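One structure below.
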Amino acid sequence: MNLNSIPAFQDNYIWVLTNDEGRCVIVDPGEAAPVLKAIAEHKWMPEAIFLTHHHHDHVGGVKELLQHFPQMTVYGPAETQDKGATHLVGDGDTIRVLGEKFTLFATPGHTLGHVCYFSHPYLFCGDTLFSGGCGRLFEGTPSQMYQSLMKINSLPDDTLICSAHEYTLANIKFALSILPHDSFINEYYRKVKELRVKKQMTLPVILKNERKINLFLRTEDIDLINEINKETILQQPEARFAWLRSKKDTF
């Protein structure tokens, strides 16, 4: 399979996974126009859409795409039923698309019904995990989001994290505000700055590398714990996650 990305809105990525025959699955099409343009340019044959959650910038293009390709199956959690989903999916489900098996797991936090789609090495994680960060808690609790991130963190080292937004630079600036002397984060910051100056995307990222620079995956890291302890003593990693998320919300 081949991974492709389509920029949308200000900072969204619509991921498109294609096979050698040109059949494809489209992930979180927030708008239809750029997808239709890419389909025409590459002569792709859309087979399915994956929806991770109900927010408009992830589902806004579904109904128009279905008008052009009514044969498509649209997979999504229950919260996307009125957004164009034709087949509802949830935690533990497996589906076969493009001849490949995808496993779904619930990742509540950003929204209560958020799901991720995984077919090694590709993880389509919507707004749950970003490079250097994680999604805002619009509906879920810090505990829910922490558990969702731990599910992702348990995946193989070579998992490709296909997040839905280009938030990396801002996330790494936040990480440096907490751990300014961390060598991994500083090195990644320089790399990300260079990419963004050239208008190049920073995604996808490899989970093994993400574990080194994403503070939300490092809640048991001694350097981070020592930094948090300067302000408050938090014994549980979930509590440290909540502290981090609160800091990021006002950064």
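Just so it is clear, glycine is given a Cβ too, placed from its N, Cα and C backbone atoms.
Per Swiss-Prot, the Zn(2+) 2 site holds Asp57, His58, His165; the candidate it also names there, chosen from Asp127, Asp221, Asp223, is Asp127. Among the candidates His68, His87, His110, the residue that Swiss-Prot names alongside His53, His55, Asp127 for the Zn(2+) 1 site is His110. In sequence order, Pro77, Glu79, Thr80, His110, Thr111, Gly113, His114, Val115, Gly126, Asp127 are the residues near His53 (Zn(2+) 1 binding site), counting only same-chain partners six or more apart with C-beta under 8 A.
DSSP assigns His58 (Zn(2+) 2 binding site) to a helix in the three-state reduction.
Sequence-distant contacts of His58 (Zn(2+) 2 binding site), defined by Cβ-Cβ distance under 8 angstroms and a gap of at least six in the same chain, are Asn12, Asp28, Pro29, Gly30, Leu51, Thr52, Gly126, Asp127, Ala164. Counting only residues at least six positions away in the same chain, the Cβ atoms of Ala8, Phe9, Asn12, Gly30 sit under 8 Å from the Cβ of Asp57 (Zn(2+) 2 binding site).
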